[in-house]
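Everything on this sheet refers to the single structure shown next.
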Amino acid sequence: MRKNIVAGNWKMNKTLQEGIALAKELNEALANEKPNCDVIICTPFIHLASVTPLVDAAKIGVGAENCADKESGAYTGEVSAAMVASTGAKYVILGHSERRAYYGETVEILKDKVKLALANGLTPIFCIGEVLEEREANKQNEVVAAQLASVFDLSAEDFSKIVLAYEPVWAIGTGKTASPAQAQEIHAFIRSAVAEKYGKEIADNTSILYGGSCKPSNAKELFANPDVDGGLIGGAALKVADFKGIIDAFN
């Protein structure tokens, strides 16, 4: 079912103690609130088992930032989808541009990650988006369509369980932001691609988040677009006042 969502991506930030403190602070900030969106925090693996029981599950969902493309076994340093799920986490970010760029994650690797996440009851937040050169060459639709191949071999039933997140890679951590019109244009293209593959009903029920330097000052304008269903938030998720300011954009 299509929902408004604000999901925080902590990336490689916060020690265990700092992460616990941040989660507690967010939980307290929302204690007397009824957000008009689903709120999710995606944390480094070390935080999951500590943070999940700390927050009010009715208001804050918890997820990981990645999982392995293998079920289990001799893969030193990897963390499986089953391990993530065993902490009580419900979500996992997959296909983030930083993992595609720095760790060589391909369409095939991501297919396996998505399937394992779903098999273990996790909701994938699947990221797609173009770099600056691709945007300047007007190839953003072509790039995004190719990235969607990682999830377009799912059954309609499984696809309906995922959340999509569009990242204009050129806007991540740069302070640049796609204009509301640019965001709406690419989100509408993504929804039309989903409709072409799975039909209008599933497309209309798919949440598509915006993930590029979203902050309290621009969130309301971005979220006002008909095909923008919330945000995948990086830097602003590390400060409760900023993160709550984005959540409040739906109020």
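Placement of Cβ uses the backbone N, Cα and C atoms for every residue, glycine included.
The shown structure was predicted, so the numbers you read here are calculated from the model rather than taken from an experiment.
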Given Swiss-Prot annotates Asn9, Trp10, Lys11, Gly173, Gly234, Gly235 as substrate-binding, which of Ser155, Ser192, Ser213, Ser217 belongs to that site as well? Ser213
To the nearest whole angstrom, what is the C-alpha distance linking His96 (active site, electrophile) and Lys11 (substrate binding site)? 10
Reported as an integer number of Å, what is the Cα distance between Ser213 (substrate binding site) and Glu167 (active site, proton acceptor)? 9
Count, for each of the binding-site residues Gly173, Gly234, Gly235, the other C-beta atoms lying within 10 angstroms of its own C-beta, and report the residue with the smallest count. Gly173
Just counting, how many other CB atoms are there within 10 A of the CB of Ser213 (substrate binding site)? 21
